[in-house]
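Visitor: Per Swiss-Prot, FMN binding site is recorded for Ser21, Lys45, Gly46, Asn99, Asn127, Lys165, Ile191, Gly217, Gly243, Gly244, Gly265, Thr266, and the stated evidence type is similarity to another entry. Feature annotation from Swiss-Prot assigns substrate binding site to Lys45, Asn69, Ser70, Ile71, Gly72, Leu73, Asn127, Asn192, Thr193; the stated evidence is similarity to another entry. Per Swiss-Prot, active site, nucleophile is recorded for Cys130.
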Amino acid sequence: MPVLEVKIGNLSFKNPVLTASGTFGYGLEYSQFVDLNILGGIVVKGLSLKPKQGNPPPRIYETPCGMINSIGLQNIGLEAFKKEKLPFLKKFNTNIIVNFFGENLDEYIEVAKLLDETEGVHALEMNVSCPNKTSEWRKMGLEPELLREAIKRVRLHIKKPLIVKLAPQVTEIALMARICEEEGADAVSLINTIPAMVIDIKTRKSMIGTLTGGLSGPAIRPVALRAVWEVAQAVKIPVIGVGGIVSAEDALQFLIAGAKAIQVGTANFINPIATVEIIEGIKQFLIEENIKDINEIIGSFKE
């Protein structure tokens, strides 16, 4: 049987298939469909210091090759997560990664410090790239020097592995990744959803509760794949590929492009066992190709 284990920083993953934040709830919601022990890791829904109500409905609109969402980072807050959700997750033999955010940099630091002290949380994913927040909040992921300051200050306060989730709508995503690396991030995940909109031609208003949302699903996969390939060449820290992955073939493309691991997002809504099928598909590919260790194909793209 081929070896599927990969390492991100000092953290080992039994396989490179993780869930994407915001598409797998807090794990409990999918536990009736998926044996969570099988997964390489679970990235839970983005958490803030206090509960957030999120954006007004409607929040989701299906597109021909994906969907536009405007959830607005609704969540139960850090303390409720620790009391109500984390005890369940700790029962499983898989890595728990908490995606987190703040309304300002001080709040980012506060959430990160509390998560760093929380038993059962293996790594943190810092969300600096959600398109469904105010422009002031979003600047951190779009402006190099603001990103640098944010990573530097958060890193000072935590010891656990830090993953930074990058925005696609920047001029040089490789530059942003290098900044993360220089300031001590252990890995980068990319890409987040792409800012998008949809209009009702009769009312001439947005068909979601906000003016714009974030596009995800197969429509963004080629964009994400190119970004992963570009970033993987620019940094030495691990890259986690995200964006439109629905099959083992999709996942393998990201690994070949240089991703150390991948996250499955929108596919979970369509097929609750997508992650398991992708893991099995990767395993079968390696057997058929007589590849003993998945690390042999990571970054094996030929120009």
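Using the three backbone atoms N, Cα and C, a Cβ is placed for every residue, glycine included.
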Visitor: Measuring Cα to Cα, tell me the gap between Ser21 (FMN binding site) and Lys45 (substrate binding site) in whole angstrom.
Guide: 5
Visitor: Would you find the one among the binding-site residues Gly46, Gly72, Gly243, Gly265 whose Cβ has the most company, meaning other Cβ atoms within 10 Å?
Guide: Gly243
Visitor: As a test of the contact definition, list every same-chain residue at least 6 positions from Lys45 (substrate binding site) whose Cβ is closer than 8 Å to its Cβ.
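Guide: In sequence order, Ser21, Gly22, Phe24, Gly25, Tyr26, Asn75, Asn99 meet the Cβ cut-off.
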Visitor: Measuring Cα to Cα, how far is Gly72 (substrate binding site) from Gly46 (FMN binding site) in Å?
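Guide: So the Cα of Gly46 (FMN binding site) lies 10 Å away from that of Gly72 (substrate binding site).
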Visitor: Pairwise over Ser21, Lys45, Gly46, Asn99, Asn127, Lys165, Ile191, Gly217, Gly243, Gly244, Gly265, Thr266, annotated as binding FMN, what's the top Cα to Cα distance to the nearest Å?
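Guide: Site span for FMN, by Cα atoms: 19 Å.
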Visitor: Where does Lys45 (substrate binding site) sit in DSSP terms: helix, strand, or coil?
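Guide: Looking at the DSSP assignment, Lys45 (substrate binding site) belongs to a strand.
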Visitor: Starting from the Cβ of Ser70 (substrate binding site), draw a 10 Å sphere and report how many other Cβ atoms land inside it.
Guide: 25
Visitor: Give me the Cα-Cα distance between Ile191 (FMN binding site) and Ser70 (substrate binding site), rounded to a whole Å.
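Guide: Cα to Cα, Ile191 (FMN binding site) and Ser70 (substrate binding site) are separated by 17 Å.
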Visitor: Neighbour count, 10 Å Cβ-Cβ cut-off, for Thr193 (substrate binding site): what number do you get?
Guide: 29
Visitor: Hey, how far is Thr193 (substrate binding site) from Gly243 (FMN binding site), Cα to Cα, in Å?
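Guide: Cα to Cα, Thr193 (substrate binding site) and Gly243 (FMN binding site) are separated by 8 Å.
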